[in-house]
Amino acid sequence: MQETVNKKGIWKVIGASSLGTLIEWYDFFIFGSLSIVIATKFFPADNPTAAFLSTLATFAAGFVVRPFGALFFGRLGDLIGRKYTFMVTLMLMGGATFLIGCVPSYETIGFWAPLLVLILRLLQGLALGGEYGGAATYVAEHSPPGERGYWTSWIQTTATFGLFISLVVILITRTVLDENQFDSWGWRVPFLLSIFMVYVSYLIRKNMDESPEFKKAKSEGKTSTNPLKESFGNKYNLKFVLLALFGAAMGQGVVWYTGQFYSMSYMKTVMFLDSNQADMILGIALLIGTPFFIVFGKLSDKVGRKWVMMTGLALAIFTYRPIYEAMYQLTNLENKQENVDLRTTENKLVVHDSKRDSVQTVNKFYTDGTNEKITTTKHLVENTEQTAQVKSTVFLSGSKYYMLIALIFIQIIYITLVYGPIAAFLVEIFPVKIRYTSMSLPYHIGNGIFGGLLPAVSTYLAMNAKTTGHSDFYLAGLWYPIIISAVCFLIGSLYITKSMTHKDLNQ
Amino acid sequence: MDLLKRILGILWIALALLTAYFCIFQFGLPKLSTGHQEDVVFGIIILFILTPIISIGLGVFGYFALKGEFSADKM
């Protein structure tokens, strides 16, 4: 009977924690997913100050503020408790997201618009930095011994699922409204919706009890008076923080970003795959792959966290290049044969905002079912053709389409291997009195900095390879996640020991 | 195994120095001199936020490894 009550209780804990964390990820990702609309409303490219603030919003929220949020809220969580702290992060995130949806555009209030959005985006970064560590710690401290990997893996699904939900909400809003309505006010709907989701999550969370481990430590007077000093000023604990960062979190960060974000940008900008098709392929792979967070979280309870995570890193190191080579070849038209009889050409004149464009669309069909659409747009000035823009878009069908889903799915599996057990791993290596602070910082540096840097560094490497004439320049960007994963694999395999990951949570 | 962990400490320190060189001279400073505002922001973040965290962090980790802080008896 007791067992049943406990299980019921922990499902309530998981539900309340996961829902809140899911909403926080949703809030964080809709800004990125709607970045093109946001740029036109708040950060006009022809205004240098607004463009400057836009860059700050992009880099600062992801790279700089998240670790600071981890320190600020981690300290708070170790001083006053997990429950109250991650309630604050939830309110902060929800409030900031809602307010982004309320800020008047640059056209209405000028410079204040991008400044307000920047401030609100920074608050989102701070809140995210504090949320994850709280939720993971809270769930782990409620979990029965020997099942922490399984229960905390539910929290691990929320980042991927949050991205998925953000894409679905935007898609539904776009479908319900017409293009003008969406551009005028509809883009605000996903931001405004956040306040309702946060309110529901608040109602669920407010009735939850404080974590039993923290409550016990507090009643015995064993909580820390200075969590920052004890976490990073104490050599014994600092070495575990560094090991968590360089032996697990940094590899996890790059594998996560490669599978979820680099793969999407690779499909759109290197393979020239149709944008909607790329989104759909990633969405399907995410949906099929998400349950594996639970599978590998549970597996880590049986065989240990270390080798589940290291397997994910090793697979990434040795197979990223063949996977991306196979992806590239799926849309490489040089190796395909065109069915010339099916080729169609369409010419039309497009008039918009008193400008006229001559648009030619050539549709090419290949024997394996691939379709290429080449659109050439020429601006007409006094009936004279001026500049030309050529855009090639590839559409896959049949087995090639499913092959691409499978290749993305494999990368999602790598994410689930390294990310599924990491919350339990991070929680278990730090003592209860400084756990929130100690685990949050390496996690957010690993994700925010090592993972967040991936697009910039990989683009730089690919551009360099292209400039120097490397025939496989399209694979050069992968050196960043491969090298980081390799260093992380070496450090994790050698330095992480069984004794450090099997501590009693009460210690 | 403990000896290997200590010896590899030198490798992590060397890697920290290499990362610092790469971040400062290949990534950070060239970005500052492009004249584009977005590059300047990126360069500042690389030089003053990322480089210290990555290089100093890895350097300290290597130092701890070299000193035997990760030996079985100290875990």
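From the backbone N, Cα and C atoms, a Cβ is placed for every residue, glycine too.
Copied over from TrEMBL:
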- A:13-504: domain 'Major facilitator superfamily (MFS) profile' (DOMAIN)
- A:50-73: transmembrane segment (TRANSMEM)
- A:85-106: transmembrane segment (TRANSMEM)
- A:112-130: transmembrane segment (TRANSMEM)
- A:151-173: transmembrane segment (TRANSMEM)
- A:185-204: transmembrane segment (TRANSMEM)
- A:236-257: transmembrane segment (TRANSMEM)
- A:277-295: transmembrane segment (TRANSMEM)
- A:307-324: transmembrane segment (TRANSMEM)
- A:401-429: transmembrane segment (TRANSMEM)
- A:441-461: transmembrane segment (TRANSMEM)
- A:473-496: transmembrane segment (TRANSMEM)
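If you look at the transmembrane segment (A:473-496), the same-chain residues 6 or more away from its ends with a CB under 8 A from one of its CBs are 243, 246-248, 250-255, 257-258, 262, 266, 270, 306, 309-310, 313-314, 316-317, 320-321, 324-325, 328, 450, 453-454, 457-459, 461-462, 464-466.
As a quick check, the transmembrane segment (A:85-106) and the transmembrane segment (A:185-204) clear the bar of 3 or more Cβ pairs under 8 A, pairs 6 or more apart, so the two touch. Contact between the transmembrane segment (A:151-173) and the transmembrane segment (A:185-204) is present: at least three CB pairs lie under 8 Å, with pairs separated by 6 or more positions in sequence. The stretch with the most CB contacts under 8 Å to the transmembrane segment (A:441-461), chosen from A:112-130, A:236-257, A:307-324, is A:236-257. Beyond the transmembrane segment (A:307-324), the same-chain residues lying 6 or more positions past its ends with a Cβ under 8 Å from any Cβ of the stretch are 248, 251-252, 255, 258, 266, 296, 299-300, 407, 410-411, 414-418, 420-422, 425, 474-475, 478, 481-482, 485-486, 488-489, 492-493. Computed over the domain 'Major facilitator superfamily (MFS) profile' (A:13-504), the whole-number mean pLDDT of the model equals 89.
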